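Asker: The structure under discussion is supplied below as structure tokens; questions concerning it will follow.
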Amino acid sequence: MDLLKEKIAQEGKVLSDTVLKVDSFLNHQIDPLLMREIGEEFANRFKDEVITKILTIESSGIAPATMLGLTIGAEVVFARKKKSLTLSGNLYTSQVYSFTKQETNEISVSKDFLSPDDNVLIIDDFLANGEAVKGLLDIAKQAGCKIVGVGIVIEKGFQNGGKVLREQGIRVESLAIIKSLKNNTIEFAE
Ligand code: 5GP
């Protein structure tokens, strides 16, 4: 997606050989016009599929997932990382190791919002080693949902999450794939 790649090239900051900071439009401040385009691009890529629920994880997956939900008219469920007082019992849970925070979080989704009738598309901001997506897949499977695929805003192609998921036969659509962050340079895959 050219608009997204241009934005990453202009505003992305390489923090290390493995971490890209995109706080100005995705992870802290949000660019709603770009997010709308992202939602439409996901809708277009998965237009041949019936999607009844979009599943993401707080917090940075919520904006792109919601824009997709708005485009296709499907509800968005986000897994929570911290248990809230209003979220007790009746939960699907999974363990997710966070690449950026280097800690394991238990993520949870209320059983009220996923059912075996749902065709679920998973959305997230970044794909690195695939831990967050694996946790979301685990939750969707516990709920007996059909998995339509995975939509990612930025995939870091030099980490193995995308490869592992695709080898499992899961359809992964990434709007921008980064080949390398070495030498403080953002290089995109073709
Ligand atoms: P994974 O679970 O695939 O290893 O990592 C994906 C998750 O970690 C995403 O939900 C995202 O929040 C975070 N993440 C991984 N790599 C990066 C990165 O380079 N930059 C930012 N901003 N977040 C990342």
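Here the Cβ of each residue, glycine as well, is placed from N, Cα and C on the backbone.
Just so you know, TrEMBL annotations never went through curation; they're auto-generated.
Look at TrEMBL and you will find LEU20, ASN27, LYS156 tagged as xanthine binding site. Per TrEMBL, the feature domain 'Phosphoribosyltransferase' maps to 33-157. Residues annotated as 5-phospho-alpha-D-ribose 1-diphosphate binding site in TrEMBL: ALA128, ASN129, GLY130, GLU131, ALA132.
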Asker: Hey, does DSSP put ASN129 (5-phospho-alpha-D-ribose 1-diphosphate binding site) in a helix, a strand, or just coil?
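Answerer: Once the DSSP labels are grouped into three classes, ASN129 (5-phospho-alpha-D-ribose 1-diphosphate binding site) ends up as coil.
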Asker: Show which residues of the chain containing LEU20 (xanthine binding site), separated from it by at least 6 in sequence, have their CB under 8 Å from its CB.
Answerer: ILE8, GLY12, LYS13, VAL14, PHE126, ILE154, LYS156, ILE178, LEU181, ILE186
Asker: Could you name the residues, excluding ALA128, ASN129, GLY130, GLU131, ALA132, of the same chain that surround the 5-phospho-alpha-D-ribose 1-diphosphate site, i.e. Cβ within 8 Å of the Cβ centre of those residues, in sequence order?
Answerer: TYR97, PHE99, LEU127, VAL133, LYS134, GLN159, GLY161
Asker: Could you list the residues of the same chain, at least six apart in sequence, whose Cβ is under 8 A from the Cβ of ALA132 (5-phospho-alpha-D-ribose 1-diphosphate binding site)?
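Answerer: Result: ILE57, VAL96, SER98, ASP124.
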Asker: Taking the Cβ of LYS156 (xanthine binding site) as centre, how many other Cβ atoms lie within 10 Å?
Answerer: 25
Asker: Please find which two of LEU20, ASN27, LYS156 have the most distant C-alpha atoms, given that the record lists them as binding xanthine, and give only that distance in angstrom, rounded to a whole number.
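Answerer: The span, Cα to Cα at its widest, is 16 Å.
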Asker: Using C-alpha positions only, work out which of the binding-site residues ALA128, ASN129, GLY130 is nearest to ASN27 (xanthine binding site).
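Answerer: Out of the listed candidates, the nearest Cα belongs to ALA128.
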Asker: Using an 8 Å cut-off from the Cβ centroid of LEU20, ASN27, LYS156, can you name the remaining same-chain residues around the xanthine site, in sequence order?
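Answerer: For the xanthine site the neighbour list reads GLY12, VAL19, LYS21, VAL22, ASP125, PHE126, ALA128, ILE154, ILE178.
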